[in-house]
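Copied over from TrEMBL, here are the features:
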- 285-320: domain 'EF-hand' (DOMAIN)
- 38-56: transmembrane segment (TRANSMEM)
- 68-89: transmembrane segment (TRANSMEM)
- 110-129: transmembrane segment (TRANSMEM)
- 141-167: transmembrane segment (TRANSMEM)
- 341-360: transmembrane segment (TRANSMEM)
- 366-389: transmembrane segment (TRANSMEM)
Amino acid sequence: MEDFNWYEDAAEIDVEEFEPVEKDRSQISKFFDMLRKIFNYAILVCGSVYIFRYIFNKYKMTILGVNLNMILQSIVIGCGSFNLVVLLAQIFHQMLKKLGFKVVEKRFKSIYRWLSVTVWFLLCLYFLKYVKEDLNIYYRYVRSFILSGILTSTTFTGVALAMELFYESFVTSSLLAKMKEVDMKEKIISAMKSYRYELSESSTTDAPGCTFSEIFFGRETETNSDTNISHINLNRGDEAVIGNVCFKSPEMHSLHDAKTLARDVFEKATSQKEMTFNEFADIFPNAQIAIQAFAYFDANDDRTVSRKEFKDTIIQFYIDRVNLEKGFAIAKGFVDIVNDILSIVVCGFLILAYLVIFGIPLKELLALALSSALVLNFAVSGMAVDLYFNFMVLLSHPFDLGDDVIIDSTNYTVYKIGLNSTSFLGRNGGKVKFLNSVLWKKTLINMTRAPEKVLLFSFKLSPDVNTDIFRNLKSRIHQYLKTRKFDFFEAFSLEAISEEAVDINKLDCALILKCRSYKTKARKFGLRVEINKFLRELFNELGIKTL
């Protein structure tokens with residue numbers, strides 16, 4: 001087995017290493033925590049001042065006509081009730097988590113901050129009637145402020161829940177199939193790692209079931225009651241639990257890990273160049289699981305797995321996991337952009353509502369808005385059109401982070417997607433930024449999302465080529481592809497370069513080969529060099545002249 005290099009192409013740089021998703025706290029979460037700290041300090045300071053005044057019987061003091069003791073009491077009660085409401089919400093959240101209501105728990109987690117603020121403002125409105133006489137002329141303003149707070153927190157509670165449901169729907173429609181597929185592959189890799197490290201059969205077969213939800217959310221600390229599930233179960237399809245996904249650590253962390261695992265498992269399972277199904281089945285706990293897993297590796301359906309097939313398949317498993325996590329990050333980023341847009345729109349309506357609550361007539365507000373030159377200018381200017389195109393680019397989702405795209409006959413890699421613009425990396429490493437409104441009007445080719453991975457070769461033949469020789473050319477190409485079954489499918493196409501190539505003085509030909517498995521850019525270039533050499537030698541052998 002010395003003739004096979006398991007680490008071939010290890011120096012290629014266009015296969016990304018695994019980078020765990022970092023859970024960044026939202027601005028709302030940071031603001032909420034900061035508010036709690038401020039309230040805690042307010043309780044400490046105001047409570048101390050109130051106790052000091054109570055013990056030493058200080059004289060009555062008013063601030064703007066309001067008794068200081070009443071102000072201190074209101075601050076202590078208000079801030080204390082806020083902490084109590086938050087504590088109860090967190091206890092309820094932990095109860096949902098312990099009871100296993102993952103869907104409800106994820107949704108409640110997205111709204112419990114705004115919901116706590118809503119309940120707190122309602123309590124403040126209830127307590128307000130007891131200090132109505134002490135507030136004097138300020139009662140109306142305080143009441144208007146509390147009503148504004150109730151309206152704001154209730155609205156953003158609804159917005160947060162709506163965005164969580166939108167995120168679930170968006171991820172389900174775009175990534176659920178990939179999640180299930182990667183879950184299967186992660187289980188296969190887990191079984192192979194157990195086989196490589198010679199874990200006992202009982203430790204493999206008696207382990208609790210690893211559902212695809214646990215792949216992304218982690219296994220709970222409580223005991224899983226379903227103990228009859230094998231270590232790897234490709235048939236089980238639990239309901240997806242979407243939300244702010246917390247990924248478990250992947251089975252493989254780098255391309256080197258994938259190649260090392262492929263080498264160790266293959267060389268332990270067989271001493272031959274090809275692995276039979278019986279040898280492959282020894283890797284897994286039972287034959288049924290082995291049959292399901294074997295379909296991924298037996299690309300030629302010949303009931304054997306070569307070393308190259310084995311290595312390429314495991315590398316593809318690794319790449320699929322990396323791409324899935326990137327897909328989740330992109331989906332979360334897109335939802336965040338939609339959330340920002342919705343929040344801006346909601347804030348605009350809330351400002352009008354605040355003015356109404358504080359006593360400004362709605363009719364006057366509408367008249368002022370409709371007669372405003374700024375609104376008219378926005379409607380007739382290009383700002384509205386640009387905003388529409390920006391949103392259409394995000395909604396159509398023509399590319400993901402890391403996709404290879406062609407814009408104006410130039411190759412780029414998508415680097416960053418924003419609300420107004422998108423950044424790309426050129427081949428020289430430079431960053432290029434396009435406005436989304438400009439991108440919408442350009443012809444964009446996404447090579448990463450191409451349904452077929454092909455290699456295209458173009459050449460020009462003399463129109464005097466003999467038809468028998470031309471048929472022989474196609475036959476020789478087909479025979480050659482049979483010897484390259486690990487790289488190409490046998491089916492190929494030799495056709496005109498385009499429908500417009502009708503010149504009788506030359507034949508503009510295109511040879512289209514379909515690649516079997518994942519090919520990096522460097523590997524595709526290496527295949528192109530090999531095919532170019534083969535075609536030129538074949539043309540010389542058959543006496544075919546190229547123009």
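Glycine too: its Cβ is placed from the backbone N, Cα and C atoms.
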Same-chain residues at least 6 beyond the ends of the transmembrane segment (38-56) whose Cβ lies under 8 Å from its Cβ atoms: 68-69, 72-73, 75-76, 79-80, 82-83
Within the domain 'EF-hand' (285-320), residues counted as helix, strand or coil by DSSP: 25 helix, 3 strand, 8 coil
Arithmetic mean of per-residue pLDDT over the domain 'EF-hand' (285-320): 80
